[in-house]
Amino acid sequence: MVVEDSMKATSAEDLSNSIANQNPRGRGGDEDEELEEGEIVGDDDLDSSNLSASLVHQPHPLEHSWTFWFDNPSAKSKQATWGASIRPIYTFSTVEEFWSVYNNIHHPSKLAMRADLYCFKHKIEPKWEDPVCANGGKWTVNFPRGKSDNGWLYTLLAMIGEQFDCGDEICGAVVNVRSGQDKISIWTKNASNEAAQASIGKQWKEFLDYNESIGFIFHDDAKKFDRHAKNKYMV
């Protein structure tokens, strides 16, 4: 998207700080009620009218527009094709819109088992078949079940705040809620570009203050070998 220079943050760090400071509602207090299976939003419907009411008059544009997607766990068993149940939730292009959406959807710890929540650059679908994702791969970080909320938020802020040196390589991120653990992955475009992937993986660990090794899997290998796919890169 095109924005005037005066509206842009002077650096990635400034933009990241701006994003954090623009949050109209902290999440340190009472948590939301547990969701029924397949739910993603709370009591307030996530629609344009509700979001518009909370936006400030002078928005802070992001470098890219981003779209939240949700894969409903209750719909997965009814779909014969993988990915058929993934649906877009909302596309945002400003700091204020991000917080309006983020504060109106449940965080990973409150999602139903087998739910998948995505945040991808606008017009990139979170599917292997998408032309931008087809030759890519993903880095993955594992968390104990229900302990990925902060990691998910920090990942989102780093992505939309353009904190990665090789940010053009990034397609988006996903959090997968499973019985024993939560998994957050960053999807990238060109899996064979080892230098770019290593840069993204190392910086991501720094942003999360994550000390364990993480691995990068090519999408092609994931399609062929499923859970038995092996890491091509480690950082």
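Yeah, the Cβs are placed from backbone N, Cα and C, and that goes for glycine too.
Taken verbatim from Swiss-Prot:
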REGION    1-52  region 'Disordered'
COMPBIAS  13-24  compositional bias 'Polar residues'
COMPBIAS  30-47  compositional bias 'Acidic residues'
REGION    60-63  region 'EIF4G-binding'
REGION    70-106  region 'EIF4G-binding'
BINDING   78-83, K110, 128-129, 178-183, 223-227  mRNA binding site
DISULFID  C133-C171  disulfide bond
REGION    154-163  region 'EIF4G-binding'
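Features as recorded by Swiss-Prot, highlighted on the structure.
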residue	record	contacts (Cβ under 8 Å, 6+ apart)
C133	disulfide bond	I124, E125, P126, K127, C171, W187, K189, H219
R178	mRNA binding site	M113, R114, R145
Q181	mRNA binding site	N142, F143, P144, R145
K223	mRNA binding site	W128
D226	mRNA binding site	none
Neighbouring C-beta atoms (10 Å sphere around the C-beta of K110 (mRNA binding site)): 19
DSSP-derived class (H/G/I helix, E/B strand, else coil) of Q181 (mRNA binding site): strand
DSSP-derived class (H/G/I helix, E/B strand, else coil) of C133 (disulfide bond): coil
Three-state secondary structure, which DSSP defines for C171 (disulfide bond): strand
